[in-house]
Structure formats: structure tokens, C-alpha cells
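Marked as region 'Disordered' by TrEMBL: 1-39. Here TrEMBL flags 10-26 as compositional bias 'Gly residues'. What TrEMBL lists as domain 'Blue (type 1) copper' is 68-151. The Cu cation binding site annotation in TrEMBL covers His100, Cys136, His139, Met144.
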Amino acid sequence: MAGCSSSSGDGSGGADDGGGSGGDSSGGEDTADREMRDFGGWFDRTGNYDGVHDLTGQDTVTVAVGAAGNGGGYAFAPAAVEVSPGTTVVWEWTGNGGTHNVVNREDGLFESDLTVSEGHTFEYTFEESGEYKYVCVPHETLGMVGVVVVE
């Protein structure tokens, strides 16, 4: 079964505390190869959506929470990732944009605590193929949404 955990960024939750690459994909990539999927208009209000980042084959992928976008620190970066079954996605708070969370509303599979703490992490291991949409509840209307595609 899939699982999740969170930590305050002190390494106690088993998540990468930022010391290694850990599959971090939040910057410096060429966008030419990215597939620009519509996801039924999911990213219509999201200013930093730049296509689906293909990160298949990695054990762990990191997504920044509170990244620059949507008029401030109100974005997930990257906004859309594609991973393989069994991959753990680690959301790591930047400390920007106020209080954030990560909530899968459609299926209720994962929900982090609301926090503003830089370095805080929340993780979920995706076992089943599918599209998993998520939001930051306080900033959803600003476009702070994301998706994990598992294939």
C-alpha cells in the first residue's frame, strides 16, 4: 500500500533534508521535451506550469512548496511530474508565501499539515498508475495546484 509521512526538516522523517540531489527537478531543465497536457483545465490559473517533467525511473522526486509563481510564493515546482510506480514524491517547503499544505481532494489519498516552516517535508509513495491532482488549500484560487502522473 502507498504511504506518507511528514517531518519538520530535521531528517527524522526519513526524507532527504536537502543535502543531496534526491531527484530535485525544480530548475535548470530544458523545456523542449516536455509534454504540455491540459489535465481538463487543471492548470488554467497556474502561472508556472511548464509541462510535465518526466522523472520516471527515480526512487525519490522533490517538489518545492511555496516556489515563485502566481504572484508570489504560491506555486509548486515543478507543477506537474511523471514518475514510475513505487516512486516517493517529497514536497519540501521553501518558507515563502505563507502557510501551505498539500491535499489530494479527489481521492483523499494524502493530506499534509498546514505549515510555513522552511525545510518541512511531506512525502507520499505512489504505487498505482494514474493522475493524482493536489492543491494548497489556502492558495488554490491563486493557482497553487499540481499533479503527479504515475505510469
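Backbone N, Cα and C define each Cβ position, glycine as well.
The model shown is predicted, which means the values in this text are computed figures rather than measured ones.
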Met144 (Cu cation binding site) has how many other Cβ neighbours within 10 Å of its own Cβ?
30
Using DSSP, how many residues in the domain 'Blue (type 1) copper' (68-151) fall into helix, strand and coil?
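The counts are 6 helix, 41 strand, 37 coil.
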On a simple 10 Å Cβ count over all chains shown, which one of the binding-site residues His100, His139 is most densely packed?
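When each Cβ's neighbours within 10 Å are tallied, His100 leads.
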Write out the long-range same-chain contacts of Cys136 (Cu cation binding site), meaning residues 6 or more apart in sequence whose Cβ is under 8 Å from its Cβ.
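For Cys136 (Cu cation binding site), the qualifying residues are Val65, Tyr74, Phe76, His100, Asn101, Val102, Val103, Met144, Val145.
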Enumerate the residues of the same chain, His100, Cys136, His139, Met144 excluded, that satisfy the criterion Cβ within 8 A of the mean position of the Cβ atoms of the recorded Cu cation site; list them in sequence order.
Val65, Gly66, Tyr74, Ala75, Phe76, Gly97, Asn101, Val135, Val137, Pro138, Glu140, Leu142
Across the domain 'Blue (type 1) copper' (68-151), what does the pLDDT come to on average, as a whole number?
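The predicted confidence over the domain 'Blue (type 1) copper' (68-151), as a mean pLDDT, is 98.
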